[in-house]
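Here the structure is laid out as structure tokens; the discussion comes afterwards.
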Amino acid sequence: MKKYTLKSSEIPGFLSEGLDEEQLKAVVESNGRSLIVAGPGSGKTRVITYKIAHLVSSSISPQNILLVTFTRAASREMIDRARRTSGSNLQGMLSGTFHHVCNYFLRKYSRA
């Protein structure tokens, strides 16, 4: 098992509050796609919203972020939280339910 040590200088200030060690690791450590799987009440929504804020603060364009959830309500809640946390309007970020996102790509890339 790999062991990681996070130096406080590498962690943006807004991330150091409200996340435990495992959550912080999920937010900061990644070089690509992330899949968050955890039980109820474990902070999945918080991790995802902080991850989006971290990506935006790391100069990743919101157009390069895709958020997929099971319900519209969850999607709206995560986007609202991510906007508040990141201080960005997240213009261009694609988010929604699995059905919405798949429908979007089918319509965008179909050869009609």
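Each residue, glycine too, has its Cβ placed from N, Cα and C.
According to TrEMBL:
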- Ala38, Gly39, Pro40, Gly41, Ser42, Gly43, Lys44, Thr45: ATP binding site (BINDING)
- 17-112: domain 'UvrD-like helicase ATP-binding' (DOMAIN)
**Report entry** Secondary structure at Thr45 (ATP binding site), reduced by DSSP to three states
**Finding:** helix
**Report entry** Packing count at Gly41 (ATP binding site) (other Cβ atoms within 10 Å of its Cβ)
**Finding:** 6
Query - Winner by Cβ contact number (other Cβ atoms within 10 Å) across the binding-site residues Gly39, Pro40, Gly43 - result: Gly43
Query raised in the report: Could you count the residues of the domain 'UvrD-like helicase ATP-binding' (17-112) that DSSP puts in helix, in strand and in coil?
Result: 52 helix, 8 strand, 36 coil
